[in-house]
Amino acid sequence: MGGDDLSFTRLVITALFGLLMLLQIKETSASTSFVSSSVCKSDHLTYTKPYQQGSLFTINGNPVEKLRFCEALRFHKANGCIFEDSFSDDFCTIHSLLGRRFLEEKTVKDSKNSKPKTEYSHVKVSIAGSGFLLLCCALCCPCFHKERKANSHEVLPKESNSVHQVSSFEMSPSSEKIPQSPFRAPPSPSRVPQSPSRYAMSPRPSRLGPLNLTMSQINTATGNFADSHQIGEGGFGVVFKGVLDDGQVVAIKRAKKEHFENLRTEFKSEVDLLSKIGHRNLVKLLGYVDKGDERLIITEYVRNGTLRDHLDGARGTKLNFNQRLEIVIDVCHGLTYLHSYAERQIIHRDIKSSNILLTDSMRAKVADFGFARGGPTDSNQTHILTQVKGTVGYLDPEYMKTYHLTAKSDVYSFGILLVEILTGRRPVEAKRLPDERITVRWAFDKYNEGRVFELVDPNARERVDEKILRKMFSLAFQCAAPTKKERPDMEAVGKQLWAIRSSYLRRSME
């Protein structure tokens, strides 16, 4: 087909679509309707009357489907709300229930005090107009899409002595917006949390893209690795905060010179594994240096400190129970991705509170992959035979005895971490009484004695239902079982945590 024929076809399709949209607008404008609304607890419910095909339903100003709207009505009626006779619910076939509160009808007004009966028509006119414009752009401007696609794969040319950057495919920027947790707003049926299969189990690339820096730029960003820029230290090296010329803040991990040769394997492992993963609950690799006597790993900067800092109150605030539950679920999602959804199974081997970083919005990110190993590649292989590495208190006892590394070793560490988050105590506290020095044993004894409230960190600032606490500790003890056969996998742990979260939400609404 020639270019003129193709243009003519697009023009005809556009004209026909526009005509259909105008007819729909005319039909909508000719109908008469008005808005009925009610407020119950935290939800503002509105719909256009009389009910007909295409009526608009909203909860808190957000358009929703009729099914969700009816679920919200059913929820509020079951919890004692009474709606006036003018607020009809015949379309939901809900039977009226006695309740405790009377709801006043509120008129929905826009910023210009327009009449309610015109609001629905205006909404549909706006939607129709937007759809018409979008179709015109899609049909008439294919060159725009091609140009954007071409530009999205550009890679900056490398300079001499520059930082290696990961591939643009693996580290492509994204404008992803992380959904708010249901604990950060009053819960309602219009904000039902997503299922574990859809929530953070798949890769979620960071907004940050790959970097291409020279050593001169890195020295400038860190003040020549000044002590004032130091933000942490681990087995691999010292971590510095770096501020780039464009204002972007990064974390730069510098290998210790005294262990330079011995840590070559850890460096290569961390770079290789980080370059192949992308998940919102894992720290993102931006680049690395392996030249001369310098080995550097550059990652995104997570400025709200470590989980251990917050448990200690070192950041000025203490974590409440809601935040602790959020963090546990985030860490679980990150590990589930590593074990089950990454290109190849990855075993972290060093899950601990100081390797969990928190964002300003208290999202948790798993960091420090220096000890990480790829899991078995053969379906017949059950484990990796390797030297024991990790942190005392979090180490899987079966792994220490047999040198057999599996993903269940991370599960054990997660169980210890869960006890730490709930109690606020470190895994090993040598200054305590003999029967309290090993935190997981002390917690297990208290749990069996039915004294679960004595286990909770007093800084949690909330008295949680005993059943919720028992479920949390029971899950922690399952994960920290002595042998891997007794431990669940991280995906099963995630499902249990989601069930606990649902129970917690229901009780918080009672």
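Just so you know, glycine gets a Cβ as well, placed from its N, Cα and C.
According to Swiss-Prot:
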- 166-178: compositional bias 'Polar residues' (COMPBIAS)
- Thr214: phosphothreonine (MOD_RES)
- 225-499: domain 'Protein kinase' (DOMAIN)
- Ile231, Gly232, Glu233, Gly234, Gly235, Phe236, Gly237, Val238, Val239, Lys253: ATP binding site (BINDING)
- 240-265: region 'CaM-binding' (REGION)
- Asp350: active site, proton acceptor (ACT_SITE)
- Ser354: phosphoserine (MOD_RES)
- Thr386: phosphothreonine (MOD_RES)
- Thr391: phosphothreonine (MOD_RES)
- Tyr399: phosphotyrosine (MOD_RES)
Using DSSP and three states only, what is Asp350 (active site, proton acceptor)?
coil
Per-region confidence, the region 'CaM-binding' (240-265) (mean pLDDT, whole number):
82
How long is the line from the C-alpha of Tyr399 (phosphotyrosine) to the C-alpha of Ile231 (ATP binding site), rounded to the nearest angstrom?
31
With H, G and I counted as helix, E and B as strand and the rest as coil, say where DSSP puts Thr386 (phosphothreonine).
coil
Using all protein chains shown, find which of the binding-site residues Ile231, Val239 scores highest when you count other CB atoms within 10 A of its CB.
Val239
Determine, to the nearest whole angstrom, how far the Cα atom of Glu233 (ATP binding site) is from the Cα atom of the residue listed as 'active site, proton acceptor'.
14
Based on Cα distances to Val239 (ATP binding site), point out the closest of the modified residues Thr214, Ser354, Thr391.
Ser354
Measure from the Cα of Ile231 (ATP binding site) to the Cα of every one of the modified residues Ser354, Thr386, Thr391, then give the nearest.
Ser354
Among Thr214, Gly237, Asp350, Ser354, these being the recorded positions, pick the one whose CA is nearest to that of Thr386 (phosphothreonine).
Asp350
Taking every protein chain shown into account, which of the recorded positions Glu233, Thr391 has the largest tally of Cβ atoms within 10 Å of its Cβ?
Thr391
